[in-house]
Structure formats: structure tokens, C-alpha cells
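Features reported for this protein in TrEMBL:
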{"type": "ACT_SITE", "residues": "464", "note": "active site, proton acceptor"}
{"type": "BINDING", "residues": "463, 467, 486", "note": "Zn(2+) binding site"}
{"type": "DOMAIN", "residues": "174-357", "note": "domain 'Aminopeptidase N-like N-terminal'"}
{"type": "DOMAIN", "residues": "391-609", "note": "domain 'Peptidase M1 membrane alanine aminopeptidase'"}
{"type": "DOMAIN", "residues": "688-1007", "note": "domain 'ERAP1-like C-terminal'"}
{"type": "SITE", "residues": "548", "note": "site 'Transition state stabilizer'"}
{"type": "TRANSMEM", "residues": "113-132", "note": "transmembrane segment"}
């Protein structure tokens, strides 16, 4: 599919082309329609309020919609057609009445009047249709456009009119190839560069609009391809949208290609975006430079068309000092001397790809490699940590081979590098052929990495390698469909692990991710996974648990509904048909529908899930052999005033269910609930029914009182009648419903009493999660006696299991995870001899100066016990600075942040913000851990308020890190005073900040906590008497 339309348009004066979308004259506006590479039509997404999605700050209210433009053109044609027909009609009247001689006689006066009246009425109707906007005839009607006195065209930095006012780039000029030369200076911490972009003109224009951010451009020329005479060009800069305009000396003609050359320089970034500098210690402080471009930072390293649909090929050259090495997406082609001590590495030309996937790393790195199926796979790390790279190398080879076989498409690059970056904000980044990782999710130390650490490393590698197909080979057209990248990679990460690493896979992780996504998605502050976005903040905010977790969960639901074989063929067809191109969600659904031979309208089914936020609550009532079903949107805020809006939600739900007769109904036998209500008639009456088999689907189930009573009794008598995932699902559902008062809280606690018979990890960890949340709300309100009663109730259920836990590395992965959860709970609340045992093991380790080996699966628990004393805390901080194992250092950080010493907590957050002794990449983890403690709850929030400006500069507004910091520091507030304080603070920062989705989610969460207390606090006190 060609995303760049090639229809020509007439030549206009330079300042008029592409900006006419802000004019009201219909003969101008059609030149500024949104280009076809904009992926969503207005009726395909759930739009946020108009004020929250302005396309151009202060200007978008003047825009004329594309549909209105089309309508005016159609009306014009309709008017012309009518006039032609009228003319023909008038001509034909010459034969209206004939005399006996054959000559025409004049019509009567009465006939003339009637015809005149009819003609006037017809012309009036046509003129009315022509003059009225299209929205007059739509269900939504017309809305009055706001008037403003602001200038139509923005001004460049030099005061001239900038010839483009949209955040999105025009599609009249598209890139074909980039030649990029970069020279980072790891002494001055600056870089210089040049770029030569070959572009093709699709529509005549006098200028080229592209992206550039904080680059000092010193020279620019434009040359027609085939010419040897470059011409200097003027550059206008518009930093608000990170755009520059290249003003051509003459019209750029349709079908012609040109070469745009620019030279520039800039500083290596102090943030985690663009081309940024990284300090790390070996024997002395060393520097490394790496790029992180997703989503919008390629423009900060080279001028470019920085939107995912503008795919092109790239050739990268890097000038570096001889003692360093350089990596890029493609293999190194050659190295040539430049000056004394400086050489240039030239890399092969890339495949067609998006700008955000270009990558460069320069520094002192070592590697280990292995070849598979013609591809050289390498893992890079700083030299002193190379011995921790072997596991990642072996894992990557296995995953690469698996994906090539499953997708039936060979990995298309000759090499695949995985690089451990010493300081990296994201977990990993899927740059094509050069994947970058945090050291903690790539490097595995056999002595200090636990089974859970190994599983995490495997999962992240699986996720990033899946991106080499989903995201790199086939890319979403625009960030509104980010879920096509991240949802698929998340789904494939779990699928691949289950297929080739069964010893490291448990369904619990996918289940927990689904629960977490649903918790976020049940907020009014949530968003559809396919959502119109424009600004940098809106795009950054799409990188959240909804895009990742909900996207993956919907794919799992679809796979089960269609069958795994049909699903796989659909994926293969989608990848094959759209290789090296960009797609929308509909392209995936069309591929899936095609392989079902049209038997399932996948687009119709899945659009109800992708363009609506939230998910359904399915109410189940059983009467005899009939099951009565009803769906509505699950909304956690019982005081919501938008009941009409919520009632308009409708999903097509592939229901799965299991009954007491031993039958499970799912996959192609699922019942599709496509209406507000329905009835399933069973062949026989059943004792019980449980919907959402294995919790594989994305909805919550509410049973009637009799239904809950039967299921609770079933768990008490025979819990294994349901799978562990089904049991965890029931716990999750009933506590969510109890929080709203839809189920009594005592019924939720009655359900988990069966845990005395539970031996599986998922139900126990879900119960601990739900009860811990209640405990934390109560504790942070100062209700310590009530909090102690909660702990006592859980202890009575789990005491025997806690006693059985050992302080060794033994058992399956699931058993080790259960061991960690139970001992963490016991030590946190000083149950039994847990704290004493952990303290004894820590002291033994400290007295040996860290040389004594500790069981890795409980290492963090031991460190946390040691950090309770001042001596232990200081020793851990000292060890953190000297250790090489990233796995061990991460456990120490979490322990340091769990102390009750307020002074140490403040010191820890401050030194992490500074980023020298403790890297700033871990600041969000530290703040979140601190906020979970009783003394640190308000301390973390105060720290965020005092350092907000610096946090926003370092991590970017809307980023996943900022999202985590905002939500973690406010999630346990449950008073009106805290609600006012949070609202007041963010409102005082800026209007844009208070509108961030994470801020709105934080405010809503506090409101929900207040609501929970109003509904359930008194009930909880009576329950625990």
C-alpha cells in the first residue's frame, strides 16, 4: 500500500500552499486536506473533548474538516449538474405543444406559472444544499466554531511567516534515502553532523517542511537529482512544532527528485532522548554515547521527516576516536582514517524503515557472537561485564529461530546486535538490527541473578525480537495505533516463552498484566487503544499499560476465538502483505477476516474493543438451564454523572464458560454476546457455571447472589474443580466489585478463606495484592489497629504455607515466586521468625564484606531486613557503588528505599535525581518504593512537588517514567485534603500538566480511594471484630 498520494495540485504562491486549511474560502481549503497517511477517520476513534486535541495550539478551531471540504465540492458539482439538466429540459420544451400544422405553440399561462414555481423551488433546494455545511445533515449536527483574533500563519524564529501550521507534516514531499554523518565528541560532549536527504515531490510546492529540534544548522543546499550545481536555500525554524521550512529557489515539480544537504551541530543530550551521553565507571569514569529516538527524538540528531509512515533507506557514517567502537543498524562496511586519532566507520545501507528505528552507539564496548541461519547475533556490554552476556546470546538465537519459523518470514538483516547500556530510561528499544537494553534486563550473573531475573531477561528479549517483525518490518502509520507495535510484541513475548522456554513460563505473568491493564482501563481517565493523538505529550502517554497490556490481551482473546491456526495464518498474511510499509488497525482485521473466508467479520468484532475505552461488566443470572446475560461498561466511579454515555457502550464479547458437568466452551464454540442482553440455553441444568475460562478474556463477571454463593462453596469444597487462573480471576473480580459495593466486602473475604487449601501461586499472589491494597489504604489513614487485624486475618489463612517456606533456591519457578511472595509478606509484618532469619543471614553476609553467597530468590528480602538498621543501610549503599552485578545492585536499591529512616529515604531520592552515585534511570523505582512505606508516603510526594521542574526536564512530560512517578506517589491518598492538594499542585504548574492523562488518573484514583472508604470502612471494621 502506497501511503503517499501522488495526485498533483496547482502551483500557488509560497505562503499560501499547505496553509489554506485555516482559510474559509472553499477554493483554497482543499489544498490543505490531511494527507492520506493520517491513519484514522473521524468515525473510527473515540475523540476526547475538542479542547484537549487541538491540532495546532490556538489555531485548530479555525480548521475546516476534510469531510466539509468534500461536501462543498460535491455540492458544487451537484449544482452544475442540475443546471445542465435544467438547460436540457428547457430546450426540450420546444416540442411541448404542437399545432395541427406541426409547429410548436406556446404553453398556456397557467402551465408557465406552474413550471416557474417548480423551477424556483428546485433551485432554492439545490442552493440550500450547496450553502449548508455537511454537518447540517449528520446525526451530530453542527457546532459553532469559536472565533479568535490570532494570526493564521505562525511565525518563524526570524519573524517571517512560517509556511505550515499543522503539527503533522505535509505529504507533498517524501524522503527516499538519507546519508547521515555523525561525529560525537566524548570529551567536549558535543556532536556535529551532516545529512543528505533524497526526496521525491508528489505535489508541486515551493518549500520542504521537515523536523529539526535544537540543531544549529550552519549550511543548507538543494540540488535536483542529476544536477551537479547545489543551490543555497533559506531555512525558517518553528520550534513550537520542531519544524523547519526549506524555501526552494524555484518550484519543486511533481515526479522530480532532489537532494537536500545540511550541516549542523548540537550538544549531546542531558536527558534520555536523542543522542545522549552516559557516564559509567570502570577503573575510571568513562563516557559512552547512545541514541534513543522513539517516539520523536530522531529530529534532535539529524533533520528528518520524523513520522513513522515516512519510511526511507539510511546510510550512516560515524566519525570516532580510534580507541572507541561504533555500532549502527547495519553491519560496518569499512573504516577509513580522517585525521590524527579520528577514523570514520561506514555502515551498509539499511532496509526501508522509519526514522525512530535508526540507532547509533559509540563507546568502549566488548561483544560475544554466534551465527544462526546467516545472521550474526552479538551481545555487547562494557568490558568488565561481558561475562554476563552469554545467557542473552543463547536466548536471542533461540528466539530468532523461533520467530522466523512462526512468522514464516526470515529475519531480513545480516546481523542483530543487543547492547547493554549503562544508563537507559526505557527497559529496551527495538531499533532494527541494534536493540538497546538496560543492563538489568540483558545481563545475567549466574551467582546473583535469581530465577525471576532470568525470566525477566528472557521476556524482554522476546518482546524486542518480536518487534523486528511487528514494528520494524511492518510499522503503524501513526502513533494512534501504537498498540499494533506494543500490544503484538507483548503478546508474542508470552507466546514465545510458553513455546520455547516452558521452564521459565507461567501464565501468571500474563494474567497479572491483564489485571493491571484492567485496573487502569476501568478509569474514566483511560483511553481507547486506538486514539487520535497529535502533540508530543499525547504521543508519549500512549506508551502505557493499556497500549501494551490491553493490546496483548485483546490479541489473546482473538486467538482463542478464531483458533490458534487461523490466527497464525492471519498474522503471516498481514506481515507478508505489508512488509516495509505502514498499516492501520483495519489492515490487521482485514487479514484476519480473509483467512476465515469471511465467516467472521473480525473488523466489526474488534472495533468494539479498540475504539472504545474501558471494558464490559457481564452480569450472569442462572435460572434452571437458562443463563441470562447482560453487558454494560464497568465503571469504578459509582458517582459518575455520565450514565447515558456509559450505557451507550456495546462490545461484541466472545464469552467462554465452564460448567459443573465438566464442559468448557471457548474458542470457536464461544457465545458471542453482541447485544445488551442475551440468553444461553443449556441442554441440562447445571450446579455451577464460571465465565471467562482461564481468565483469557477481557471483561469482569458479576454473578447473582446464588451464583457467588455456589462458587464460594465450590472453592471451599473442591478448589481444583477450577484452574488456578480461574481461581485468581474470581478473586480479582469479587474484590473489584466489592470496592463499588456491588458485592458485599464480607463475601469477598469469605471467598478467599479457601486459601488454606490453595497451593498455587496465582490465586495467593492475587489475594495478597487485593488485601495489601486495603491494608495500605487503612495504614496510611493512621488506622493501625484495624490494619493489624487485616494482617492477622491473612496470617490465619496462610500461616502453614509461610512456615513451609525455606531460604534456599529450590523448586520450580512458580514455587520460587510463591516463596518470595509469602516471605515478603511475613517479613514486612514481622510474622513468625521471618525477620529474625533474614537479619541473621544479612549480618553473616555483611560480616563477610559481601563475599558470602546468598540464595538469590530471597536476596531482596534479606537486604531489606538489613536496611532497617543504620549500619546495614550504609553498608548496602557502599556495596552498591562497588558491585558489578546489575541484578544484585537492583535488589540493594529496593532494600535501601524500604527503610523507615526518613533522612536516608530523602538522601536516596536526591542522589538518584543527581544521577552520579545512583543512576537516574532508577529514580522512578526508588520513588515508588519509598512512597509505599509509612514514613515515606508523604515524603515521596513532597519530593516530587519540590523537584517537579527538574523531573519533567529529565524524563519529558507524559513519558512512562513521569506516569509512574505521578501515580505511585499519590495512589494511596484517600482524604479530601490530599485530593485538594494534588489538584492544586498540578493546576499551579500549568494547564497542560493538569490535563496529562496520568495526572487525571491520579486524581481519579484518590477519588476512588475516598469512595472505597465511604462504602467499605465501616463494613471492614465490623467484619474484623
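Using the three backbone atoms N, Cα and C, a Cβ is placed for every residue, glycine included.
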*Measure from the CA atom of residue 548 (site 'Transition state stabilizer') to the CA atom of the residue listed as 'active site, proton acceptor' and give the result in Å, rounded to a whole number.*
13
*Hey, for the Zn(2+) site built from 463, 467, 486, who else sits with CB inside 8 A of the CB center?*
430, 464, 466, 470, 471, 485, 488, 489, 490, 492, 493, 548
*Cβ atoms near residue 464 (active site, proton acceptor) (within 10 Å, other residues, all chains)*: 25
*Just the number: how many Å between the Cα atoms of residue 548 (site 'Transition state stabilizer') and residue 486 (Zn(2+) binding site)?*
5
*State the mean pLDDT for the domain 'Aminopeptidase N-like N-terminal' (174-357).*
95
*Name, in the order they occur in the sequence, the residues of the same chain whose CB lies under 8 A from the CB of residue 486 (Zn(2+) binding site) and which sit 6 or more residues away.*
471, 543, 547, 548, 551
_Under 8 Å by Cβ from residue 463 (Zn(2+) binding site), same chain, sequence gap 6 or more_ = 428, 489, 490, 492, 493
